[in-house]
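Report on the following structure.
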Amino acid sequence: MPSLPTLIFIAIFCLESLAAMLQNGFLVTMLGREWVRCRMLSTSDMIVACLAASRFCLHGVAMANNLLASLDFSRAVPYMNIFWDLFNALTLWYTALLAAFYCVKISSFSHPTFAWLKWRISRLVPKLIKGSLIICGLEVISSATGNILFGQRKVSLSSYRNETLVYRVQASFQLYFFLYDGFVWSIPFLLFLVSTVLLIVSLCWQLGQMRDLRPGPCDPSTQAYTMALKSLTFSLIFCTLYFLSLFASALKIINFQNHWHWAWEVLIYANICLHSTVLVLRSPKLKKGLKTWPQLQCPCDAGSQGFGRCWP
C-alpha cells in the first residue's frame with residue numbers, strides 16, 4: 001500500500017496531466033475545427049497544432065507509463081518508453097520550430113540571412129514539420145534497437161554468472177544512451193534557446209525605440225511589446241527547466257524513490273503544462289474561444305488570418 005505522501009503526489013500528477021491534456025486537446029480541437037471549416041491553416045497554427053498533439057500524447061503516455069511502473073507492470077514499461085521517446089522528441093522539435101518561426105517572422109534583424117528566411121519560412125514550414133517527424137522516428141528506431149541489443153547482451157552475459165562483466169556492460173550502455181539522449185535533445189533545445197533569445201533581443205531593441213518616440217507606459221503598442229516579452233520570458237524559463245529536468249533524469253543525478261519520484265514527475269511535466277497555458281492565453285482567438293466555444297465562427301468568415309500571434 002503506497003504511503004500518504006505518495007498518494008498525494010500521484011493525485012497531483014494525474015490531475016496535472018489531465019489538465020495538460022485538456023489544454024492541448026482544446027488547441028487541437030480548435031485548430032482542427034478551423035481547418036475542417038476553412039480548408040486551411042496559417043503557418044503558425046500548423047506548428048501549434050502539431051505541438052499540441054504531441055504534448056497531448058506525451059502527457060497521456062507519461063501518466064500511463066508511471067502508473068504501470070507503480071503497479072508492477074514492468075513488462076509493459078519498455079514498450080511505453082518507445083512511445084514516450086517519440087512524443088518527447090516531437091515536443092522538443094516542434095517547440096524549437098515554433099520559436100524559430102516567430103524569431104524569423106517578427107525579429108527586425110537586417111542580416112541577409114534573416115531577410116531570405118523571412119521570405120521563405122512560410123513555404124518551408126510544412127517540409128520542416130514532416131522532416132521533424134522523420135528525424136524523431138529515426139531517433140526512436142535507433143534508441144529501441146540499442147535497448148533490444150543491450151537486453152540480449154545482458155541476458156547472454158547473465159548465463160555465464162559473471163556479475164562484474166554484466167555491471168561493466170550495463171554501465172557502458174548507460175553512458176552511451178546518456179550521450180545519445182543528450183545529443184538528440186540538445187539540438188532542438190539549442191535551436192529553441194537561440195531563437196528565443198534573438199527574438200527577445202530584437203523586441204527589446206524595438207521597445208526601446210518605441211519608448212523614445214512614444215514615451216509613457218500606457219501606450220497600446222508599448223503594452224503589447226511588454227506583454228510579448230513577458231510571454232517569451234516565461235516560455236524560455238519553462239522550456240529550459242523541462243530540458244534540464246530531462247537531462248538530470250538521464251544523468252541519474254537525482255534518483256528519487258517512493259513519493260519523491262512522483263514529486264519529481266510533477267515538477268518535470270508542470271513546465272510544459274505551463275508553457276501550453278502561455279500558448280492559449282497569448283492567442284486572442286483562443287482566449288475568445290474559451291469564452292464563446294459553442295458560438296465560435298470560422299476565422300476565415302471574419303477575414304482573420306488564423307489564431308493570431310501565439311508567442312512561443
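Here the Cβ of each residue, glycine as well, is placed from N, Cα and C on the backbone.
What you see is a predicted model, and the numbers here were worked out from it, not measured in a lab.
Here TrEMBL flags 6-31, 43-62, 82-104, 128-150, 183-205, 232-254, 260-281 as transmembrane segment.
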Within-chain partners of the transmembrane segment (260-281) [C-beta distance under 8 Å, separation at least 6 from its ends]: 6, 9-10, 12-13, 16-17, 19-20, 23-24, 26-27, 48, 51-52, 55, 58-59, 62, 66, 91, 95, 231, 234-235, 238-239, 241-242, 245-246, 249, 254, 287, 290, 310-312
Range from 43-62, 82-104, 232-254 with the greatest count of C-beta pairs under 8 A to the transmembrane segment (183-205): 82-104
